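One structure is given below, encoded as structure tokens.
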Amino acid sequence: MSGTNNARSFQFAHLLAAGAFGALGAFFTCYLSKRAQPVRPPIRVLITGAAGQIGYALSSLVGHGELLGKSQRVILHLLDVETATEPLNGLKLELIDSALPLLTDVIATTNPTEACTGVSIAIMVGGFPRKAHMERKDIMAMNGSIYSKHAYALEKYACKGCKVVVVANPANTNAVILSQCAPSIPRKNITCLTRLDHNRALGQVAAKLNIPVNVVKNVTIWGNHSSTQYPDVNHGCANGITIRNAIRDDNWLDNEFVSIVQQRGAAIIKARNLSSALSAASSVCDHIRDWVLGTPPGHWVSMGVISDGSYGVPEGLCYSFPVTCKDGDWNIVQGLDIDARSRQKMDDTARELEEERRLAQDYLQSL
Ligand SMILES: NC(=O)c1ccc[n+]([C@@H]2O[C@H](COP(=O)([O-])OP(=O)(O)OC[C@H]3O[C@@H](n4cnc5c(N)ncnc54)[C@H](O)[C@@H]3O)[C@@H](O)[C@H]2O)c1
């Protein structure tokens, strides 16, 4: 009897074990098949000025899928100048050590041709920073020289349809130089970063209302990525109501808020003794990801794009507008009411950009 019971117990335990292993097997098959979902072929992403502080933060974010999504593999092309060879190679070593599954390969180079070959996304962070003693026309000439060379390399060696975002300052005018020196790259593919300013504006509204930043939407940065930019909340919402109705302090919105956003870069430099890097890198990812994968319905973002004359902004300036993105394309949000105060601020920042463009053109004509 006890022998039979023992045999039954053994059979039961056996069945249980088989069932458990079966379920475990099914779980792992399902888990592994999900893990092993075919990922798309890798996309080549260029970061210029990669050995600098933005490049350091950005390349890791790209490897974590923040730029193009969590199922898109990337090959990073990191470009810097000869004098930055050691930190550039050091960055490559750290990226390898990070064991990032989406990062298929890293090419660290000081050769613009190698850097630009086959890239579909170009993030132009490399540039010459303005020093205290330098005049605006000098900085324009230094960056004009860099951006005209990089434009030729991109035009010749990048993939057709390569999307470009210029980060290095003067970002808007560097983008204009790039577009003029690379006429075969469609103008719609050349943009500059004002998403950091946009995110700063969202952050200020959220902090004022003590609400999460993701329930604030549709602020706009108009114009230059400089202290003349105009952060505009007139069409924005927070938790489903207009920002003006939510905050109920027009004086703060029209004065302190505008000045905080315009001067935020300087405040970061004062605090860190270095310019924004983490937030800039994060905003680059937001800019490209929304451009490639689309903005959520009902949301817009700010992007520096080559003006088509919308809102009376002179054609050909790289000016920050509100845009929506779909199917890899951006479009300026049309039909927003612009009051007299806003009009003046939008024109002021356009004037500064026209002056920068004139200096850039003087440089290009001198070549
Ligand atoms: N648009 C924005 O929102 C925004 C925000 C923050 C910073 N920025 C600008 O981004 C730029 C980079 O900032 P950072 O803090 O990383 O500066 P950084 O000085 O740390 O790095 C710049 C890098 O560019 C490299 N470089 C210079 N000339 C080059 C060339 N011809 N080719 C390739 N690389 C070259 C330098 O060697 C350096 O490694 C600056 O111009 C800064 O003002 C823009």
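Backbone N, Cα and C define each Cβ position, glycine as well.
Database features, via TrEMBL:
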type     : residues                                                                               : note
TRANSMEM : 12-32                                                                                  : transmembrane segment
DOMAIN   : 44-190                                                                                 : domain 'Lactate/malate dehydrogenase N-terminal'
BINDING  : Gly49, Ala50, Ala51, Gly52, Gln53, Ile54, Gly55, Asp80, Asn143, Val167, Ala168, Asn169 : NAD(+) binding site
BINDING  : Arg130, Arg136, Asn169, Arg200                                                         : substrate binding site
DOMAIN   : 194-356                                                                                : domain 'Lactate/malate dehydrogenase C-terminal'
ACT_SITE : His225                                                                                 : active site, proton acceptor
Looking at the binding-site residues Ala51, Arg136, Asn169, which have a C-beta within less than 6 Å of some atom in ligand 1? Ala51, Asn169
All-chain count of other Cβ atoms within 10 Å of Asn169 (substrate binding site): 20
State the mean pLDDT for the domain 'Lactate/malate dehydrogenase N-terminal' (44-190). 96
Measuring CA to CA, name the entry from the recorded positions Arg130, Arg136, His225 that ends up nearest Gly49 (NAD(+) binding site). Arg130
Record-listed substrate binders Arg130, Arg136, Asn169, Arg200 have a maximum CA to CA distance, in Å, of 26
Listed recorded positions (Arg130, Arg136, Arg200, His225), ranked by Cβ neighbours within 10 Å, top entry: His225
Could you state, as a whole number of Å, the largest distance between Cα atoms of any two of Gly49, Ala50, Ala51, Gly52, Gln53, Ile54, Gly55, Asp80, Asn143, Val167, Ala168, Asn169, the listed NAD(+) binders? 18
Which ones, of the binding-site residues Ala51, Gln53, Gly55, Arg136, Asn143, Arg200, have a Cα no more than 10 Å from the Cα of the residue listed as 'active site, proton acceptor'? none
